[in-house]
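Asker: OK, TrEMBL features for this one:
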- A:ARG107, A:LYS147, A:152-158, A:182-185, A:GLU190, A:HIS213, A:266-267: ATP binding site (BINDING)
- A:111-296: domain 'ATP-grasp' (DOMAIN)
Number of protein chains: 2
Amino acid sequence: MTDMLPTGSTIGILGGGQLGRMLAVAASRLGLKTHVYEPAANPPAGQVCDALTTAPYEDEAALRAFAGSVDVVTYEFENIPTSALDVIEALRPIRPGREALRVSQDRLTEKDYLSELGLKTAPYADITDLASLESALERFGTPAILKTRRFGYDGKGQVRISDPSEAAEALAELNGAPAVLEGFVDFTAEISIIGARALDGAVACFDPGENVHSAGILRTTTVPASVPASLRTDAILLAARILNALDYVGVMGVELFVTPQGPIVNEIAPRVHNSGHWTQNGCAVDQFEQHIRAVAGWPLGDGQRHADVVMENLIGDDMDRVPELAARPGAALHLYGKAETREGRKMGHVNLVKPKG
Amino acid sequence: MTDMLPTGSTIGILGGGQLGRMLAVAASRLGLKTHVYEPAANPPAGQVCDALTTAPYEDEAALRAFAGSVDVVTYEFENIPTSALDVIEALRPIRPGREALRVSQDRLTEKDYLSELGLKTAPYADITDLASLESALERFGTPAILKTRRFGYDGKGQVRISDPSEAAEALAELNGAPAVLEGFVDFTAEISIIGARALDGAVACFDPGENVHSAGILRTTTVPASVPASLRTDAILLAARILNALDYVGVMGVELFVTPQGPIVNEIAPRVHNSGHWTQNGCAVDQFEQHIRAVAGWPLGDGQRHADVVMENLIGDDMDRVPELAARPGAALHLYGKAETREGRKMGHVNLVKPKG
């Protein structure tokens with residue numbers, strides 16, 4: 001690996017939330033330093049990184065100073081303003097690259113891209129007005145979900161439509177933001193593939209995890225997933241197809257619906273993903289280190305799993321359970337150092353670990 | 001646990017080497033901040049802690065400011081000047097407590113203490129001059145090892161005596177430092193117990209690891225150790241006796257020689273220990289987090305192991321092997337971020353992980 005950044009190099013991370021925090025910790029295991037860029041004060045990642053810049057994404061001087069101080073730049077979230085990426089890219093490589101961001105920042109673009117790759121998605125339609133929404137509802141039936149094209153996460157920017165008569169109201173709720181309608185998929189399980197692609201094109205995937213959501217937020221991921229071996233292979237090949245098509249460098253989260261007709265892609269995230277947190281206690285190289293390895297030009301871990309894990313998110317008042325969880329055998333806590341507990345806010349997670357069954 | 005420090009609290013760590021670095025990372029998993037105090041510039045722990053003080057242990061103002069900024073103080077090494085501890089202890093609790101430091105800072109005091117607890121040690125004698133050395137050599141025979149009472153680590157401050165005629169030369173090599181002579185122990189294996197004791201007195205031990213040394217430096221620790229189950233129980237009871245006697249709070253490393261007559265205590269360390277690094281990939285709660293939990297008044301992890309591990313230290317030029325090790329399946333790298341590679345310097349370690357056999 002001639003492009004392997006030597007130990008002592010610095011990884012720039014855009015975004016200082018919990019994903020940035022765990023990326024910084026993973027980088028430290030490889031002897032790499034981290035410089036985090038985050039507009040908000042006192043971010044979770046600020047407690048464990050080597051350097052922190054607190055500045056808005058519109059501050060070109062700060063962006064230039066940040067880029068100049070690091071060897072490569074990555075990010076913990078996909079909604080980084082294009083203008084900031086332009087400033088950085090003139091100075092340092094951004095990994096994963098711009099194409100992955102372009103595709104995943106917009107639900108419509110993403111679904112078009114996946115369809116063109118020959119992958120199955122839920123039925124979807126570009127919604128520009130009430131007429132296009134009513135037409136799509138007629139084709140897909142109800143229930144269906146209306147989602148903003150951009151800036152959605154953890155169930156935000158989504159409205160469920162149970163009856164065609166709710167169309168106008170649903171549209172109003174999104175305040176005129178560009179949207180897509182997604183038809184209902186009758187799935188038996190939702191799984192995630194956390195895939196990674198190295199600078200030299202090598203691909204490695206972790207075992208699929210089985211996800212349970214509640215109110216649009218991930219609650220648990222269980223590994224091994226209760227899916228047949230053939231589906232596991234299909235899912236990994238599918239993830240590899242996306243990674244290769246994008247000439248991707250880094251970790252990607254791919255959410256799949258399992259249906260009798262095969263896997264359907266729900267969405268992709270060009271970053272480490274909540275449904276991959278189980279790897280911290282189940283694999284020699286976890287998703288955070290895998291991402292840093294890819295970004296730094298290191299060889300990937302092979303993704304093999306040495307233990308069974310149930311990952312549970314700790315959201316809002318779940319923090320009250322920390323004393324009990326801390327005392328539970330086999331429970332590995334990962335708290336994010338957020339000062340304020342708020343309803344619906346991800347405060348940490350716990351990996352319940354067992355020897356591999 | 002009414003004395004449980006809440007998330008967001010700050011742990012003060014004396015010493016910024018690799019142990020301090022891994023303690024800081026472990027604290028972050030519990031949502032705790034760390035403030036590291038270290039006289040040397042750019043210490044490994046400085047890259048991952050929330051705050052760093054660079055000042056000598058003689059700087060009382062810096063010590064006071066440090067203590068005032070944290071909730072509790074711990075340390076990564078036992079040879080902290082007493083005067084510094086006095087300044088800190090007036091402001092904040094120090095865990096593990098002063099008695100553990102008093103006992104373990106001096107090999108003679110330590111051996112006396114262990115003997116009084118009814119534990120077996122190698123034959124030893126206080127050496128004050130050539131006459132006392134010659135007398136002890138006559139009693140113990142050769143080979144024997146002359147060690148300074150204080151400040152020894154990784155084989156430093158030790159001279160092996162193969163023949164009584166070497167006595168004067170060995171004594172000269174230690175430059176008149178107070179010393180102990182240790183008689184030879186014919187052991188079949190060397191194992192470590194990493195034990196922990198919580199603020200409420202609860203004790204938990206990790207599985208014993210089997211150590212291989214070379215030139216006085218630990219090379220590998222293998223878990224499970226190839227020792228009978230009865231010895232495992234004996235070793236854990238022995239560690240618990242020391243922890244309880246010292247009213248200890250934190251993690252302690254206990255090195256044992258396995259002999260046909262039972263386990264013999266080689267030495268104790270009142271801190272996380274190199275032979276416990278395997279726990280990072282074999283247990284839900286590793287030794288670093290276990291130590292932080294104890295120090296912060298949290299419940300301990302139970303020490304259960306979910307995978308088999310061989311830990312190998314990366315010393316000096318072993319860093320050249322990093323590209324190969326990074327690509328090896330099941331290899332978890334832990335590099336310390338030290339800028340300069342030197343012969344005999346611990347630069348990192350690798351945990352080779354397998355599903356539990």
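Keep in mind that glycine also has a Cβ here, set from the backbone N, Cα and C atoms.
Can you tell me where each of these features sits in the structure?
Answerer: Residues near A:LYS156 (ATP binding site) in space but far in sequence (CB under 8 A, at least 6 apart, same chain), listed by position: A:GLY216. According to its DSSP assignment, A:LYS156 (ATP binding site) is coil.
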Asker: Hey, does DSSP put A:ARG107 (ATP binding site) in a helix, a strand, or just coil?
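Answerer: Going by the DSSP assignment, A:ARG107 (ATP binding site) falls within a helical segment, counted as helix.
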Asker: Quick check: in three-state DSSP terms, what is A:GLU182 (ATP binding site)?
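Answerer: Strand, per DSSP.
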Asker: List nothing but the one residue from A:GLU182, A:ASN266 whose Cβ has the fewest other Cβ atoms within 10 Å; the candidates are the binding-site residues.
Answerer: A:ASN266
